[in-house]
Amino acid sequence: FFPLTFLTDSTLFSFSHCCCSLPRSVWLGCSSVAESLCALRCLQSLPSSRAHNQFGNGSVAGLRKRTSQGNFEKEKDLCIQLFDQWSESDQVEFVEHLISRMCHYQHGHINSYLKPMLQRDFITALPAQGLDHIAENILSFLDAHSLCSAELVCREWQRVISDGMLWKKLIERMVRTDPLWKGLSERHQWEKYLFKNRTNEVPPNSYYHSLYPKIIQDIETIEANWRCGRHNLQRIQCRSENSKGVYCLQYDDDKIISGLRDNSIKIWDKQSLECLKVLTGHTGSVLCLQYDDRVIVTGSSDSTVRVWDGVSGEVLNTLIHHNEAVLHLRFCNGLMVTCSKDRSIAVWDMASATDISLRRVLVGHRAAVNVVDFDDKYIVSASGDRTIKVWSTSTCEFVRTLNGHKRGIACLQYRDRLVVSGSSDNTIRLWDIECGACLRVLEGHEELVRCIRFDNKRIVSGAYDGKIKVWDLQAALDPRAPASTLCLRTLVEHSGRVFRLQFDEFQIISSSHDDTILIWDFLNVSTNGQPERRSPSRTYTYVSR
């Protein structure tokens, strides 16, 4: 027995407290204080039901120190011999049963023993089994930072990354999914080294490893140019003979197509800025246009929609439906939507350039319908009656009205759930099309907001004040972002009203009442010892996110 003087008051209190909370059969069955303390200690580390079962039988043999080392070795050898004779499933079942009878301390000891046994360098092991492709496929999901770390693990990991051309695959993945990467690959000519199997023309993995940080640096430079307003500016003088002004435009890598107030459509070479072709036929100003690989479709103040051959410039079709000027149009996937000063919206089935039939006329606006946009789910229209109306694309039925602008709405764009609109109340509004809620109001323009476009990062707007503003879209969608941080830059070069603009990751192309088309290039910003061209930031500041 332990001498009672060995126990402190706190020990006695803990002991008596534990005993009072345990079944009497447990602690009364112990032959000594020492055994009672051992029992309590094990009870704290065992599940209550198992502890009760063990001590309920009065057995404490498992808590005592092994007395005969020789007997243990013999018994252990016998158990191992029997264990080796069993099947794998029987062995697993036996070990599970054995572990279930152990205390928490023993579980921890076994866990520490098993942990290193369960660890495997599978990236090194797979190539040894002839499964290099699996190791490469696993590492191909890493981002750039993780791929750098993986190269430092060991020489075998580095070899798998190099032989698998994983830096090349990472860049290819970014080019497929990010328009900025794709645009850089085309403009900087390294696209020719991508999406090719191993040939003599394909550089080694080290080339792509060194290329990646250069691409990141280019992207950071472009983003900084957008934020700071650094750009190279090119100007096309349209030299209209009578009425001056460029109402609409669209561009690609090779050309710019513009619709002019003088009733003509002019096609410009995007590199040389020379006029390649002039299309005539409308008897009124060309107010809107859109083109694809095959056709150019234009709407005019002469109330007609004309379809032109995209190569020859020949008129293929003339649609006479609206009673007044055709203010805007959109077409995609066999569907075309036009809107007019006559307050109506026409929905057309566009089987081909010569086979276009009217499906439905949408009526509901109380003033001129200035702009339309659509996708597979909704047709969205905006009007001088201060409202935006949403219609079902499939059924052409009315869905809801978005109210909020104080004056007529001149422009909008719709994509996914987001609608962005500009109005003669000088504001821009962001809307959730599904619930009709206004998410944000952007203020800053001093006159009517005439044109607006957005992508995943930015909103770019042009107004009758002659200014183009670049807004942070993600900040605008964050209700916590202060209004003073939303406008990143104001671009001031036009001397007249801005009628239309389009932009991508590298540039803005805009047209104006001043009879010019401006190309704002944020990629090829070259100082050559001259001061950088910057547009004033006014009172707005940019907060890095």
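Quick reminder: no glycine exception, Cβ is built from N, Cα and C everywhere.
Bear in mind that TrEMBL entries carry predicted annotations, made automatically and left uncurated.
For reference, TrEMBL has these:
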DOMAIN    132-170  domain 'F-box'
REPEAT    239-278  repeat 'WD'
REPEAT    279-318  repeat 'WD'
REPEAT    319-358  repeat 'WD'
REPEAT    362-401  repeat 'WD'
REPEAT    402-441  repeat 'WD'
REPEAT    442-474  repeat 'WD'
REPEAT    491-521  repeat 'WD'
DSSP-assigned states of the repeat 'WD' (279-318) in counts, ordered helix, strand, coil: 0 helix, 23 strand, 17 coil
Top Cβ-contact partner of the repeat 'WD' (442-474) among 239-278, 319-358, 491-521 (pairs under 8 Å): 491-521
For the repeat 'WD' (442-474), mean pLDDT (0 to 100): 97
Interface check, the repeat 'WD' (491-521) with the repeat 'WD' (319-358), three or more C-beta pairs under 8 A: no
Close approaches to the repeat 'WD' (239-278) from elsewhere in its chain (Cβ under 8 angstroms; 6 or more beyond its ends): 186, 284-291, 296, 298, 300, 308, 313, 496, 499-502, 509, 511-517
Long-range Cβ neighbours of the repeat 'WD' (362-401) (under 8 Å; 6 or more residues past either end): 324, 327-330, 332-333, 335, 337-347, 407-415, 419, 421, 423, 431, 433, 436
